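Down below is the structure, laid out as structure tokens.
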């Protein structure tokens, strides 16, 4: 099962559509972790399951979603309500409450993934305003039995190989 994860697009429309179209045949689910700054029913967001970010004032998005991908549960949140810039423990505890195996969030605009106490945490970075790295990014999560692979891509669809992460869940 493949999941496309994107966040912090801050008003970009064409780019969201281009990325969705590029991967539509290979992914089973598309997630936007907030700060789209678009209306809830905007055509660019149509293929995505979207949560509300701290810059989303125009839509009635939910603060979090609990999605199922195969046998795994994915908590999707922007991260600002959990203070992810200070600690990942708050969002970890929320995932624990909900029984989620994977946590997808944005807010910091910093791409990366790691396992914290058995939960895979993924921040796809930002396709508009990346921080730390200068490359705009999004991610694709591949779930296979007890393994997960997270691959990151730049806006043009080129893999950012040094961010790839393969873990056991």
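Backbone N, Cα and C define each Cβ position, glycine as well.
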Report task. Given that Swiss-Prot annotates 35, 54, 78 as binding Mn(2+) 2, state which candidate in 107, 109 belongs to that site as well. Result -> 107
**Report entry** Number of Cβ atoms other than its own within 10 Å, given for residue 54 (Mn(2+) 2 binding site)
**Finding:** 13
Requested in this report: Fewest other Cβ atoms within 10 Å: which of the binding-site residues 8, 35 wins that one? Let me know.
Outcome: 35
Report summary line: Counting Cβ atoms within 10 Å of each Cβ, the densest environment among the binding-site residues 10, 78, 107, 109 belongs to 78
